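Novice: What Swiss-Prot records for this protein is below:
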- 86-91, Lys111, 307-308, 344-348, 419-423: ATP binding site (BINDING)
- Ser158, Thr175, Lys176, Asn210, Asp211, Asn237, Glu269, Glu302: substrate binding site (BINDING)
- 21-468: domain 'Hexokinase' (DOMAIN)
- Ser245: phosphoserine (MOD_RES)
- Ser272: phosphoserine (MOD_RES)
- 75-209: region 'Hexokinase small subdomain' (REGION)
- 210-457: region 'Hexokinase large subdomain' (REGION)
Amino acid sequence: MVHLGPKKPQARKGSMADVPKELMDEIHQLEDMFTVDSETLRKVVKHFIDELNKGLTKKGGNIPMIPGWVMEFPTGKESGNYLAIDLGGTNLRVVLVKLSGNHTFDTTQSKYKLPHDMRTTKHQEELWSFIADSLKDFMVEQELLNTKDTLPLGFTFSYPASQNKINEGILQRWTKGFDIPNVEGHDVVPLLQNEISKRELPIEIVALINDTVGTLIASYYTDPETKMGVIFGTGVNGAFYDVVSDIEKLEGKLADDIPSNSPMAINCEYGSFDNEHLVLPRTKYDVAVDEQSPRPGQQAFEKMTSGYYLGELLRLVLLELNEKGLMLKDQDLSKLKQPYIMDTSYPARIEDDPFENLEDTDDIFQKDFGVKTTLPERKLIRRLCELIGTRAARLAVCGIAAICQKRGYKTGHIAADGSVYNKYPGFKEAAAKGLRDIYGWTGDASKDPITIVPAEDGSGAGAAVIAALSEKRIAEGKSLGIIGA
């Protein structure tokens, strides 16, 4: 008997036979609107490469292409104990990372909840004091206070900051609900180091990093086939190693000990790709999301691919279908009319609904929005969620294909992290299929030359590996960034 392998799981979605013609017509229209074919993807990739290159010029472009000041590849042999901190919107994460020197590491971590009003305190010292006190608590917990050697620390600071060297970060503007005066325009490293020193903690901040660059470096440490770090979450971003000679905007700004063939990690911040709307296949719903956003005309790519906007797209389509008199008739939709009431967990849960009658979807709409749905309506909603999620995945991989083509990568691993990548049903498969369609690969998908794989912990292990590389440069007396920085 021929062994055919495991049976495919039964398709969850039932037949569309009971869906009225007027709703089926809408489903077909939505399919036409949200489906992105291979030819369109390739067109997007071509323009993406142009914009990546433009971002490296002195004049610049839509994509910032920020040098990350990591100028070596990890060897995987880096070893020792390092601290990493990650300042998020609600928690501070403190991590002790033990690099073993054989491409592996161990981590021990604690989370410290930010006091409710900390993000808007009028006294910036309170934030740095809180972080330093948390570090002290962690040092006591881990019995590290009496360590003879100074512990190098990598600081993951995922807020817009300009860097002229690895161990500085001048905050451009607060995001994620922070609004603390007298920090924007200042280097955050000495602000924190000052509070650490006041407490006589044996810690030195040697690197300030972006989480996407951290994802690239942590994954490269364990897997030298890593070509990129990417985030598919509330935002979208990518990081990769370019070569100094290709970064025109650094011409004449680097010391002689940074040769032109030196690698340089680049934090793309490519959520702003195609702000002119030249190639992205926007629907009227994407236009509405943009126009109603706090910054119209900005972050065009992010608004079509990131988790932050997927639920909002779903909400806008449903409201329009209701206005046409096609569904959710004669009901109070006041809750559904609140912008961003549907976060990404909604389309994710709807796509994951295991029941033939889409019972979970029915519960979601009744309990959370006070709205009753018919089975045909739920089938339309489910199909719409699939379309929005699949489109996001297919467009999101255009950034990957563009960087791989720009750098001439024919094979390799793309290390991915973020809530959408990790939790959104079908996203990984749709992303892999998107890459296959761009490149025209056929045959066994597991043998694809470029594959997206789960990333290592960028803001913890990545910060630690970068701290190790930075510490080595400091010890060797090498420059850490722009001349005079």
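Cβ coordinates come from backbone N, Cα and C, glycine included.
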Novice: Taking Ser158 (substrate binding site) as the reference, which of Asp86, Ser245, Thr344, Val420, Lys423 (the recorded positions) have a CA within 10 A of its CA?
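Specialist: Correct set: Asp86.
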Novice: May I ask which of the recorded positions Asp86, Lys111, Ser245, Lys423 is closest to Thr175 (substrate binding site) if we compare their C-alpha atoms?
Specialist: Asp86
Novice: Just checking, which of Gly89, Pro347 (binding-site residues) has the fewest C-beta atoms within 10 Å of its C-beta?
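Specialist: If we count Cβ atoms within 10 Å for the binding-site residues Gly89, Pro347, the smallest count is at Gly89.
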Novice: Taking the domain 'Hexokinase' (21-468) alone, what is its mean pLDDT?
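Specialist: Here the mean pLDDT over the domain 'Hexokinase' (21-468) amounts to 96.
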Novice: What is the separation, in Å, between the Cα atoms of Pro347 (ATP binding site) and Asp211 (substrate binding site)?
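Specialist: Counting only the Cα atoms, the answer is 26 Å.
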Novice: What Cα-Cα separation, expressed in whole Å, is found between Ser245 (phosphoserine) and Val420 (ATP binding site)?
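Specialist: Val420 (ATP binding site) has its Cα 35 Å from the Cα of Ser245 (phosphoserine).
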Novice: May I have the list of same-chain residues other than Ser158, Thr175, Lys176, Asn210, Asp211, Asn237, Glu269, Glu302 whose Cβ is within 8 Å of the Cβ centroid of the recorded substrate site, in sequence order?
Specialist: Tyr159, Pro160, Thr212, Ile231, Gly235
Novice: Is it possible to list how many residues within the region 'Hexokinase small subdomain' (75-209) are helical, extended or coil according to DSSP?
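Specialist: So the region 'Hexokinase small subdomain' (75-209) is made up of 32 helix, 47 strand, 56 coil.
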Novice: Name, in the order they occur in the sequence, the residues of the same chain whose CB lies under 8 A from the CB of Asp211 (substrate binding site) and which sit 6 or more residues away.
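Specialist: Asp86, Thr156, Ser158, Ile231, Gly458, Ser459, Gly462 - these are the non-local Cβ neighbours of Asp211 (substrate binding site), listed in sequence order.
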Novice: The record lists Ser158, Thr175, Lys176, Asn210, Asp211, Asn237, Glu269, Glu302 as binding substrate. What's the largest Cα to Cα distance among them, in Å, rounded to a whole number?
Specialist: 17
Novice: By CA-CA distance, flag whichever of Gly89, Thr344, Lys423 among the binding-site residues is nearest to Glu269 (substrate binding site).
Specialist: Gly89
